[in-house]
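> According to TrEMBL, the domain 'Gfo/Idh/MocA-like oxidoreductase N-terminal' annotation covers 7-124. Residues or ranges marked as NADP(+) binding site by TrEMBL: Val13, Gly14, Ile15, Ala16, Ser43, Arg44, Arg45, Tyr97. Annotation source TrEMBL lists domain 'Biliverdin reductase catalytic' at 132-244. What TrEMBL records for Cys281, Cys292 is Zn(2+) binding site.
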Amino acid sequence: QISKMFGTVVVGVGIAGLARIRDLMNPMPSSPSEHLKLLGFVSRRSFGSINEAKQISLEDALRNKDIHAAFISTENKSHEETIRMFLEAGKHVLVEYPMALSAKAAHELWELAEQKGKVLHVEHIELLTEEYKQLKKEVAGKDLVKGTLHFTGHVLDENKSGFPAFSGIARLTWLIDLFGDLTVTSATREKQKDKNYSRMTVHFQTANKKPLTWIEERGPGMRREKKINFCFTSGCLENFPEAPRSSVGLFMQDQNFFAKKLLGQVSKEELAAEKWRILRCLDLAEVIHQYCEEPEKIYS
């Protein structure tokens, strides 16, 4: 029995890209990741090599028949173009979220992957954290009355990272995963250019018409943190439940999941549910963007 190996390349070597290179070079013993073999990395900067991994050109990565999959860890705005190139070249793709900065592009890329018969996997490590897994257990089976998820963080360059509904899609993903499908009822965005400050406030309704609010706030010196206030018929949850530390890193968990898809070990139902969730969140991000860009409506 010759085990199937998938040659891989990492594109972009920021924090995520370096974590990807490390995890591909040190797969968990007897995990699906043992079927991935790192054949090089692509970067605009010149490194030569990083821990034995050698730098190759983008052209080589696209042309090389031994490379079956690309891990894309570039800045958000170049995800779309990079995914498209690798899918067109007949490669499987793993990409850091958000997969694209418009819903239209995301749907087109997904269709392209399906036409080519390739796996398009979007990393969602925010769903893999122990903190989140505990929260999900805590929320399961409870009746929501109303809730708020408030994220603060440092300033992002929007030209590279996209509109906050896209760069912050991890938060939206939480809300959809916890409370089911949502409808946007309103969204606004406040910007103070001189202070480099931005605050986006989004109001949703659940399928049961319960209100949820998402606030994405960024400014100089703001600590990266999430605050929750979810009220249920049984009481309110204002702090994250205690969570153990995981023995397996988040990128490694994600990499194992991607490898399972390549090996055909993920059920059709799970793949369909994941596809729905990813595209639904991007559709909602697009709606939020449109609400925020609209000139103030004037009511006479």
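Just so it is clear, glycine is given a Cβ too, placed from its N, Cα and C backbone atoms.
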> Compute all pairwise C-alpha distances among Val13, Gly14, Ile15, Ala16, Ser43, Arg44, Arg45, Tyr97, the residues listed as binding NADP(+), and give the largest one in whole angstrom.
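Overall maximum Cα spacing for these binding residues reaches 22 Å.
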> If one measures from the C-alpha of Gly14 (NADP(+) binding site) to the C-alpha of Cys281 (Zn(2+) binding site), what distance in angstrom results, rounded to a whole number?
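Rounded to the nearest whole number, the Cα-Cα distance is 25 Å.
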> Can you give me the Cα-Cα distance between Val13 (NADP(+) binding site) and Cys281 (Zn(2+) binding site) in Å, rounded to a whole number?
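Distance between the two Cα atoms comes out at 26 Å.
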> Can you tell me how many other Cβ atoms are located within 10 Å of the Cβ belonging to Val13 (NADP(+) binding site)?
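A 10 Å sphere around the Cβ of Val13 (NADP(+) binding site) contains 22 other Cβ atoms.
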> For the domain 'Biliverdin reductase catalytic' (132-244), provide the mean pLDDT of the predicted model.
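Mean pLDDT for the domain 'Biliverdin reductase catalytic' (132-244): 97.
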> Taking just the CA atoms, what is the gap between Ala16 (NADP(+) binding site) and Cys281 (Zn(2+) binding site) in Å?
22
> Using a 10 Å radius around its CB, how many other CB atoms surround Tyr97 (NADP(+) binding site)?
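There are 21 of them.
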> Of all the binding-site residues given, namely Ser43, Arg45, Tyr97, which is spatially nearest to Cys292 (Zn(2+) binding site) at the Cα level?
Tyr97
> Give the residue counts of the domain 'Gfo/Idh/MocA-like oxidoreductase N-terminal' (7-124) per reduced DSSP state, in the order helix, strand, coil.
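Residue counts in helix, strand and coil order: 48 helix, 32 strand, 38 coil.
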> Please give me the CB contact count at 10 A for Ala16 (NADP(+) binding site), counting all chains in the structure.
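Counting Cβ neighbours of Ala16 (NADP(+) binding site) within 10 Å gives 18.
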